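Asks: First the structure, which I've put down as structure tokens, then a few questions once you've had a look.
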Amino acid sequence: MALRLWASSTANALRISVASTAHLSPPSSLSRCFSTVLDGLKYATSHEWVKHEGSVATIGITDHAQDHLGELVFVDLPEPDGSVGQGKSFGAVESVKATSDINSPISGEIVEVNTQLSETPGLINKSPYEEGWMIKVKPSNPSELESLLGPKEYTKFCEEEDH
């Protein structure tokens, strides 16, 4: 996603720690200040995440992205049964600070859209990796997942981007 991220002074005070997250699968996460990066997910440099389970991949924006955007007030998502292309826009989020496109980290057929976000866009701020997911996709080229970043690489990418 072509996010226009604004670095805050708190984002510059970077610390990495490992925290247990009992209600999530996987069991641990990397925390960077207020942003969380979960193990078991893949990340795009445009700040979307992918969780691939079986024949479906769930996609959303990262905690880092929602933290930099601020309070989300509107989410524009596609209809189910459409398709997405890797690196192509499939929607947008509007916050009190900016409007940003959301790009798909992988290609595939949209099988489900999180309709709760149209009524409650703040779910992305509250729970970007659980309740705030955006679309579920049946990947057309699962090898695209290999081009994405793992949790440690994404954390490093965010740290470098914030400096």
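All residue numbers here begin at 1 and follow the chain in the order shown.
Cβ from N, Cα, C; glycine included.
Annotations in TrEMBL come from automatic prediction, not curation.
Straight out of TrEMBL:
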- 56-138: domain 'Lipoyl-binding' (DOMAIN)
- Lys97: N6-lipoyllysine (MOD_RES)
Asks: Average the pLDDT scores across the domain 'Lipoyl-binding' (56-138) and report the rounded value.
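Replies: The predicted confidence over the domain 'Lipoyl-binding' (56-138), as a mean pLDDT, is 96.
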Asks: Please work out the helix, strand and coil residue numbers for the domain 'Lipoyl-binding' (56-138) from the DSSP assignment.
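Replies: Helix, strand and coil residues of the domain 'Lipoyl-binding' (56-138) number 15 helix, 35 strand, 33 coil.
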Asks: Just to be sure I understand the packing, how many Cβ atoms besides its own are within 10 Å of the Cβ of the residue listed as 'N6-lipoyllysine'?
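Replies: Around the Cβ of the residue listed as 'N6-lipoyllysine', 14 other Cβ atoms lie within 10 Å.
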